[in-house]
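Chemist: Sharing a structure, written as structure tokens. Questions coming.
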Amino acid sequence: MPRGQKSKLRAREKRHQARCENQDLGATQAPVAEGESSSSANLLFGDRPQNLPAAETLSIPEALQGAPSTTNTIAPVSCTSSNEGASNQDEKSLGSSREAEGWQEDPLSKKVVSLVHFLLQKYEKKEPITKGDMIKFVIRKDKGHFNEILKRASEHIELAFGVDLKEVDPIRHYYAFFSKLDLTYDETTSDEEKIPKTGLLMIALGVIFMNGNRAPEEAVWEIMNVMGVYADRKHFLYGDPRKVMTKDLVQLKYLEYQQVPDSDPPRYEFLWGPRAHAETSKMKVLEFVAKMHDTVPSAFPSCYEEALRDEEQRAQARVAARAHTAAMANARSRTTSSSFSHAK
């Protein structure tokens, strides 16, 4: 793998180590990803939550992505945060230097990067994932830190692809990937497509929600471009990204793609489709977005409040549905009893 590509995944590991060792520093400005300007990072973030770095770098390995990757982050445009304030330049410099020192002193970071690639290669080859193989081929003498290394590697994969790595056999220590959201999209795709396209869908849903529940097409592609996914370029895994976004996911009713009313020349926008509303929730998507920003959902106050309202409405709908089901069951029971009595 090219050195520049590996450095992008390591950048996040630097920040992880720096945060662990420098909790007293508060918010510091994370270095912008290699090959990326500060202005482009700010453009992608828009109004970001309080005390968050302007860029959180996550690399999708080139062997699986087929295109350079920089910042894999959703732009919260409508979800403004309260009391936003940027760290001063001295804090930025101090934070960056501490991060660099932390990276040099943290040998586990290299293991994390290697394990990410190992796990994704296992997925690509459809080979079983076992604890024994992870220790034998990657972790080796650092097996005492297995849990920490696996946790950090799993977080990278979760943010890149929207999946969790879970132990499915605690006796033989077998692991498998599972979709992070309750999406049945996995069931409609081949094993080869399952993980990457689910991640693409999750990010699209996040962009839409964070842009006021309807995202201009250009805003969605801006984020996708940063991931190395372009509307007019064939992608190693996604194939034709424009077709995936504007046709495949639309036909599956996960997304809606429509012309902006009264736009001249015509402009288009994305919305959540009915299947997305049915199979996931705003809170789950917000939790995913918050994790990408290394924060909590409440760091986006307006979106958090909207997600809470959505959760309450869903809970009320479930209660009403159960009550309706119970009433129907009682009615059928009474009808059956009445018919039986008349028969006698």
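Cβ atoms here come from the backbone N, Cα and C positions, even for glycine.
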Chemist: Under Swiss-Prot, which of the candidate ranges 114-134, 261-281, 324-344 is annotated region 'Disordered'?
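Modeler: That would be 324-344, per the region 'Disordered' entry in Swiss-Prot.
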Chemist: Run through the compositional bias 'Low complexity' (324-334) and tell me, per DSSP, how many residues are helix, strand and coil.
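Modeler: Split by secondary structure, the compositional bias 'Low complexity' (324-334) comes out as 11 helix, 0 strand, 0 coil.
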